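Here TrEMBL flags A:46-66, A:72-89, A:96-119, A:139-167, A:206-228, A:248-267 as transmembrane segment. The domain 'ABC transmembrane type-1' annotation in TrEMBL covers A:92-271.
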Amino acid sequence: MNDTLVPRLPLGDVVADIVDVVTKSGKDVFAAVKTGFLAAYEPLEILFTTPPAWTIILVIAALAWWVKGWRLGVGSAAGLVLVAAVDQWDNAMATLALVVLASVVAIILAVPLGIWAARSDRVSAVVRPVLDLMQTMPAFVYLIPTVVVFLTGVVPGLVATIIFALAPGVRFTELGIRQVDPEVVEAGHAFGATEGRILRQIQLPLALPTIMAGVNQVIMLSLSMVVIAGLTGAPGLGRDVVAALTRVNVSLGVEAGLSVVILAMILDRVTAALADRAPVARALARS
Amino acid sequence: MTAIRVENVYKVFGRRPQEAVRKLRAGATRDEVKSLGTAAVIDTSFEVADGEIFVVMGLSGSGKSTLIRMLNGLWRPTSGRVLLGDDDLATVSASRLRALRRTTVSMVFQHFALLPHRTVLDNAAYPLEIQGVGKEERRERARAALELTGLGGWEDSLPGQLSGGMRQRVGLARALTADTDILLMDEAFSALDPLIRREMQEQLVEIQQKLGKTIVFITHDLNEAMYLGDRIAVMRSGRIVQIGTAEEILTAPADDYVAQFVADVDRTRVLTASSVMLRPGVVLPAAAGPRRAARAMREAQAAAAFVVDRDRVLLGFVRDSDVVDAARAGIPRLDGLVQTDVATVDEDTPLSEIFAPSAESLVPVAVTDDHGRLLGVVPRVTLLEAMVPPEIDLPDDTPADGPVETVVGAGATTVNGNGVPDGYEPLPPDDGVPGLAPDELPAARTAASAAEVAAAAEFDATTEGGTR
Ligand SMILES: Nc1ncnc2c1ncn2[C@@H]1O[C@H](COP(=O)(O)OP(=O)(O)O)[C@@H](O)[C@H]1O
Ligand SMILES: [Mg+2]
């Protein structure tokens, strides 16, 4: 490939230079971000790992029972017991803490951005290709600049996860708001409601089932990325998966992998059930 | 006072609306500007007076919904002005527009536009919630509005649990709770079944009369338009082709489109006695003697005559045979001969309510005013004729209305309006033959039933044209 028709474009170098400059000039900012994330993550990890496993199992099972039914409650409990039995409990809880934190931050960023994109075609036109890029870029690639900026540990994994998981949150929020029956929104206008009231009382409640589907996706993407983030030294199941890979340790790989699957299933079912409990979804289900 | 004034309003959806408006102004048709956008409303102007029910009627896609959405500023005209009272919707501030929508103008939506996650009661109360009315009061007022629209007992249901008709009534209740001066109603009764629909129409008229609301009502149902509208605007492909009262539109359609549109209306519900009544053939003062009466009836070739007092108050009628007998017997006055079983209606009685009395009466139904004074008569022939729409494209050589009565009275007249000799009975027209004067249609129909109505027909044989 030495005699290609086009000259070699040093795109990678350019981006690397930019990252370099950004890293140097934003040193203080990144330091602050790092401290912030650590301050948020550490108590969360302690919250999940210090109590005895059975209390956490009971709380999660009760939550699953409440949002969906006893089957999900019992299933969740059984799954978590299995996680504890293969000695992955602490890892699973660290992963859970990462997923919760990353998802919350991603949702806090994504929902307002989605609302904004829904209300302005111009914003939507800018946001959409950026989201496409973010979703199609291989997940590992996010890790590189975050490692450059934040070095190793929890924070680069968290930041990469948040960026990676942001897209469906924005997309589903925009979609949900845009597909609210325009006549219902018009009714709000026709009776003299302010934009804020229409957003709060009409658009968001009616878009909620769709937004919740987005939240579900955000959480699932977070989980998958948090595991990948094990590569950069993020704690949790990901680290054992990576270790199993590098050492070709089948038994460790199976145990850590299975724990990821169990966690994923519980998170998925619980958030999906939560979406069904939205007032609109219930109203529509009753009719 | 005008509640709403619309001045040369255009609305074009599409990429180059201004250019489309410029072309339309220069005389382009809706199809010619298709490439620039959809011209939903074109050069529309009208005024709606305070307390008026103004109906906009037209086929689906003629621009009715677009037009009504510009009356409360949901959509902005591409060109032209909309004024609510003194407020020009194009220039009012956002907060003033909200205030107008809270206090002045509310809307019933074609597809209901209810909040699916709120109960019927909270939906009906929503305008008051927006206005900042306290929970107890707004629920109370919403409950009253729901009661009025026949939804008492459904307060706690969700819209999704109701039928389309009931949802539509929730939408109506919501607009009524808002209690604004102007109500915009976009096909507000379209989802109701006929009986409830009729009931709601009557209720709307009642509400309007009681509260003096100004109502802009959109419909594609002509009968509804005719029943509700003080005035009716007929829309076609974005333009208003005629504005007028129901009777004006029925009796003098502006063009073929309107004529075809009104062809299948239930005319008997719209037309009233005063719009079809004729001058009575022979009217005798009670003081007249039988001899004079007999002469007058012979000259008019009438079998019966109405008798009135000095103030033209209707007393009854006399038959020719009775009069002739009385004249022979030398009885001086008519009084004793008068039969009083005359069916009377007032000017505003719709034709549909004249059929029954007409069928039972020997003589034409008398139309009287509040004081009982005789204004005119409605013979059965006229009733039957009124059910047939005026035909389009009258051939030049056919006299307008005259021959109908003349042909009916053929037994008494020597020559009818077309110069056809006595005794000629027009053949029933074959619908497929274009050359046949359409005007003969009612004539033929009435001729077919001539025997049945002979007595009544003779009665007004001399009243060609009547008071129409
Ligand atoms: N938001 C819109 N965008 C584009 N075209 C529209 C829009 N709303 C209505 N139209 C078009 O304008 C025309 C008139 O529609 P509408 O006002 O809904 O008619 P009607 O209420 O009489 O059935 C139709 O051709 C329709 O397709
Ligand atoms: Mg419409």
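Using N, Cα and C of the backbone, Cβ positions are placed for all residues, glycine too.
Residues 53, 56-58, 60-62, 64-66, 237, 240, 255-256, 258-259, 262-263, 265-266, 269-270, 273 of the same chain lie 6+ residues outside the transmembrane segment (A:72-89) yet bring a C-beta within less than 8 angstroms of a C-beta in it. Under 8 Å from some Cβ of the transmembrane segment (A:206-228) lie the Cβ atoms of residues 95, 98-99, 102-103, 106-107, 110-111, 114, 139-140, 142-143, 157, 160-162, 164-173, 175-177, 179-181, 184, 234, 236-238, 241, 260, 263-264, 267-268, 271-272, 274-276, 278-281, all in the same chain and six or more residues away from its ends.
With a cut-off of 8 Å between Cβ atoms, the residues of this chain six or more beyond the transmembrane segment (A:46-66) that come close are 72-77, 80-81, 84, 89-90, 93-94, 96-97, 266, 269-270, 273.
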